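K.L.:
Next up is a structure, given as structure tokens.
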Amino acid sequence: MAEQSEKISIAAELQAVKHKSGKTYGQIAEETGLTNVYVAQLFKRQAQLKPDTVPKLRASLPELPEELIQEMMRPPLRSYDPNLIQDPTVYRLNEAVMHFGESIKEIINEEFGDGIMSAIDFYCSVDKIKGVDGKERVVVTFDGKYLPHSEQKSEHMMSRLRLQGN
């Protein structure tokens, strides 16, 4: 629980720095070469800032204190608040995945075979476009590595191979 409350406190400090800068996630993303969602993840302590990106983030947000940069470089506690589903935007995203999920799964299986999309080797962005009717539209892109399910042959199971070797 202490780790979760510390995360919330640090995320609030990071959000305050971002807000004070007047920059959007998209602007910071452009200046750092990251996706806008990854930048938001960094500022929510849901992702880890990598050393190669530090100079770009410092250039984008010079007022970001060193201690917060160091905190962003620590492995995060990737978690979520179960009450978040009550937010209408999050609820609708969940609803869209639940509604279209079975069809998306069928297409993944048809195009790739028996497997899944990684949420680790994964990119996500949110973009705004004009629809054919001229109204604004939200585009959420999930870009994940394909991971095939493996046939579980006992001769490939390393723990068994090690036990047999003793």
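The backbone N, Cα and C atoms fix where each Cβ goes, and this holds for glycine too.
Pulled these from TrEMBL:
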- 79-152: domain 'Cyanate lyase C-terminal' (DOMAIN)
- Arg92: active site (ACT_SITE)
- Glu95: active site (ACT_SITE)
- Ser118: active site (ACT_SITE)
K.L.:
What does the DSSP secondary structure composition of the domain 'Cyanate lyase C-terminal' (79-152) look like, as residue counts for helix, strand and coil?
P.N.:
30 helix, 29 strand, 15 coil
K.L.:
If you draw a 10 Å sphere around the Cβ of Ser118 (active site), how many other Cβ atoms fall inside it, taking every protein chain shown into account?
P.N.:
12
